[in-house]
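Here is the structure we will look at.
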Amino acid sequence: MEGFLGFNHNHCFIVLFFVSLSLAQYEHWPYLPGYPEPPPQVYQPPRRPADVPKIQLRLAGQKRKHNEGRVEVFYNGEWGTVCDDDFSIHAAHVICRELGYVEAVSWLPSSKYGKGEGKIWMDNVHCNGKEATLAACTSNGWGVTDCKHTEDVGVVCSEKRIPGFKFDNSLLNQIENMNIQVEDIRIRPILATYRKRVPVTEGYVEVKDEGTWKQICDKHWTMKNSRVVCGMFGFPSERKYNTKVYKMFASRRKQHYWAYSMDCTGNEAHISSCKLGNHLNVDTEKNATCDNGMPAVASCVPGRAFAPSSHSGFRKAFRQEQPLVRLKGGANTGEGRVEVLKNGEWGTVCDDNWNLVSASVVCRELGFGSAKEAITGARLGQGMGPIHLNEIDCTGFEKSLTDCKFNMESQGCNHEEDAAVRCNVPAMGFQNQLRLVGGRNPYEGRVEVLAERNGTLRWGTVCSQGWSTVEAMVVCRQLGLGFASHAFQETWYWHGDVSADSVVMSGVKCSGTEMSLAHCRHDGADVSCPRGGGRFGAGVSCSETAPDLVLNAELVEQTAYLEDRPMFMLQCAQEENCLASSAVNTSVTSGYRRLLRFSSQIHNNGQSDFRPKNGRHAWVWHDCHRHYHSMEVFTHYDLLNLNGTKVAEGHKASFCLEDTECEADVQKQYECANFGEQGITVGCWDVYRHDIDCQWIDITDVPPGDYLFQVVINPNYEVAESDYSNNVMKCRSRYDGQRIWMYNSVHNGANQDGDTEERFSAYWKLGNSILFSR
């Protein structure tokens, strides 16, 4: 790690780079704190016609992002809504620009953000998209409508704010609880110890207003305000700070204060949901003053994954000792499908009433900040098993999602409604240490890292020896580009910078959960790469989506049985190496093999289709199955003793991938017959029945006893998936020489129940595993 972040004081450009890493929170700024700011951009809004009344807008309701919500209009002293009749994206653009956003992304009819109250001010709204205000668009007239609040319209605005946007405060004295509208917000480190720390956790809270950064007076500042600000920057909680030190700093220079204070309740995910507080006094130079006060300071507590340690540094994504909540299927740190542990079994959360407040409880529980987005509709993949929680209602101050009010019944919910979150995470500056070069688009290219060599920081390649999809996943995550779709060990077709051809990183081995490639195991300064860099440098291609294969563990348990099969019926299987090595000594005419048979059903619960690694030209024809196999290693079936040693061999070696069955609204795309395209569609599953050739483990040589039965899907990570942790299924098995019992199946990482052995007596008399002979 040190080799990638070091610098030499003799090189000023290296010092600047180190500062930029230290102040990673400001990586998107055009300048660094302490340096002269560029002249503020002044936004010139379109002029409002004199005959058009002044209005104020806000986004309200059950938000899932801070920049979306039900459109509400303040007119004639009262808040009201807008009907969705004749509404268009042009009207949405006008609304978003009036609120300070660059443009609208979409609009939603039929009270998608909940029903409003009071007046419906506008109906049959028609805009051309260039109006200065929504009030300048045509409509039926103020309050003239035949709509109900079930038709309240909502909009989704771009996250980009208009540079230099000026907040119109002309109606401020008429409106109570007006929401905050600012261009941007930051925590600017003041003390030297925080200026050199990653992430930045303490400093002045500043807002960008009319293109200029301004401090906030602390006279009405509360810890609730700090909690909201800390949450926005990826921190789960706030803490007290040394006010005396900051007073000393504040007295040394003149401050430029924002004209308002903030009034947050503490459960907001973004300051745009907070209310404007008191209006400050304004001096003769048009600068707000903070009598006997100083700039407000926020001091934040980072989650464990982001708190630097002298021993481990920043390591893997945050994991609790005994987590009750986890995120699955997300591409980046701090995002994924929400799953909760109940009665020893992981289950999902239904998205009914899912909003930013509840999502923020999940994020803070896992050591992140507030929620950036409350995701609905299984957009980060569908889970399997039970749906544990529904209609969650959090106050925002709960320590865990399980402390919130919720409905235990999941009637009417299915996995197409699985809730997910995207959390605010601290800016660590990791993306500044890595780049992709030479690709056809920003999502692919040769991997180049910034490393210190001989006291100089320079770009270089990564040795491709042993480079796999797992390492590529870390690269894509570090750059914020989603999942890896491919890992490349040759990149001659991507021409990078010749000066960066030298290998600066070798021996890279990742677990897949790291936030940065530098956190993976590697050779450090002792680089060794016989192949060299250049054309053999490691490369990746990234994708915003990925498949996710999950085995139906219950079906394996239910269908397992033993069969004594004559050798003369196994000649084809022996040719495909589906039997144990001792089978060569078994008589073809009188011998038999004892087979543990079962069915497997492999679901694709991800966001994109699972396609084989090899193209059609590399598929292999199998006479026994009468079709082509696209993957030689797709699934491993193993019988292990209790210490994990493999005791049985001989199982299905290669596979054809197809859509055997699909959910009701999903159409099959892949089939093995007639040299068809192979793969598994999202929402479909591939079934390997217990009665097909090689769908077994040869246990002829296995003595009676207790064992572990294991199925591993995509064992070599040849194809990228959004979640590899659910690719392994294990279950306990007991074999008495004539019968076998399968029980207590779990996916990798899940906890087995403590009373398994006590319950085993109930399984002992089950008859679905009795020996069959042919």
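Any Cβ shown, glycine's included, is placed from N, Cα and C.
The disulfide entry in Swiss-Prot for C363 points, among C300, C413, C423, to C423. C350 is paired in Swiss-Prot with C413, the candidate among C264, C274, C290, C413 named as its disulfide partner. Within the model, the domain 'SRCR 1' (57-158) shows a mean pLDDT value of 94, rounded to a whole number.
Of all the recorded positions in the list C157, C423, N727, the shortest Cα-Cα distance to C137 (disulfide bond) is found for C157. Reduced to three states, the DSSP call for C147 (disulfide bond) is coil.
The least crowded of the recorded positions C350, C404, C476, C529, L549, judged by other CB atoms within 10 A of its own CB, is C404. Listed in chain order, the extra residues whose Cβ falls within 8 Å of the Cβ center of the Ca(2+) site residues D548, L549, E721, D723, N726, N727 are P547, V550, N605, G606, I713, N714, S722, Y724, S725.
Local packing around the Cβ, expressed as the count of other Cβ atoms within 10 angstroms, is greatest for C423 among the disulfide-bonded residues C83, C300, C423, C656, C672. Note on the domain 'SRCR 4' (434-543): DSSP counts are 19 helix, 41 strand, 50 coil.
In this structure, the C-alpha atom of N454 (N-linked glycosylation site) lies 49 angstrom from that of C157 (disulfide bond).
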